[in-house]
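As annotated by Swiss-Prot, S-adenosyl-L-methionine binding site applies to Arg112, Asp113, Glu128, Arg129, Asp179.
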Amino acid sequence: MLNSIAVATTDKFLESESRLLAKSLNLDFLFLNEPLKFVSKYDYLLLKTSDGIGVAKTGKGAPKPVYVDFTSGAVDHRRRFGGGKGQDIAKAVGLNKRANLSVLDATAGLGRDAFVLACLGCSVSLCERVGFVRAMLEDGLYRASFHHEVAEIVANMSLLAIDIIDIDEQDRFDVVYLDPMYPHTDKSSAAAKKEMAFFRDLVGKDLDADSLLAYALRLAEYRVVVKRPKGAPFLDNSEPTYQLEGKSGRFDIYVLKSLDSLSA
């Protein structure tokens, strides 16, 4: 279910681009000439501003828009102080065994996990099926490509124009990474909770999440990694080879072939 959302801008100089974006996403366009708290026709707006493309909730008490941002805030803090290859996500994909892995992040969302993997030297291909999220992600990658510290990292991130189900089986990846939408109950920061609330409200749960595992297993050369909240069932009721447990969630790892057999 996708709650009502339209593309909007307050900038006359961006109106033409915003209309084209709305058309490409099959969404209404709104030229915004009033504060978000007074907008009632749409639950959310995909705002095109000089800062980029962000999603904003409308109505009374509307918070600031959410953007894909790889250059500041929590994402940048993790890049600089996140623990490197000692992080659970690094161990889950196998970076403790081999470097420079090719990874397909088939449920990219805001691209945070993909960015972490790219920071650690992986070549990451990203899939995002929801049009407005993909537009935000593309915008965030574009803006980051001009940042002196981050440009080299995002150069290792490639946003695909297709979903995982449309990828040719001959296009293999060392690792396929899945993080399907699920009703998380973790103790995230207020900012992270706001972002996730947006996407759960707008996009809803991934109803076909179980079917993604089969596609992932066909495309992965060495392993499939599934990120799950604590207490969540196995994807497609398929027991993993092993698990890595964290404070608020876990990684289910499906090993197809040992990474030790990957030629250097």
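Just so you know, the numbers here start at 1 and follow the chain as drawn.
Any Cβ shown, glycine's included, is placed from N, Cα and C.
Structure coloured by features recorded in Swiss-Prot.
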residue	record	Cβ neighbours (10 Å)
Arg112	S-adenosyl-L-methionine binding site	19
Asp113	S-adenosyl-L-methionine binding site	21
Glu128	S-adenosyl-L-methionine binding site	23
Arg129	S-adenosyl-L-methionine binding site	17
Asp179	S-adenosyl-L-methionine binding site	22
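For the S-adenosyl-L-methionine site, whose annotated binding residues are Arg112, Asp113, Glu128, Arg129, Asp179, the maximal Cα to Cα separation is 16 Å.
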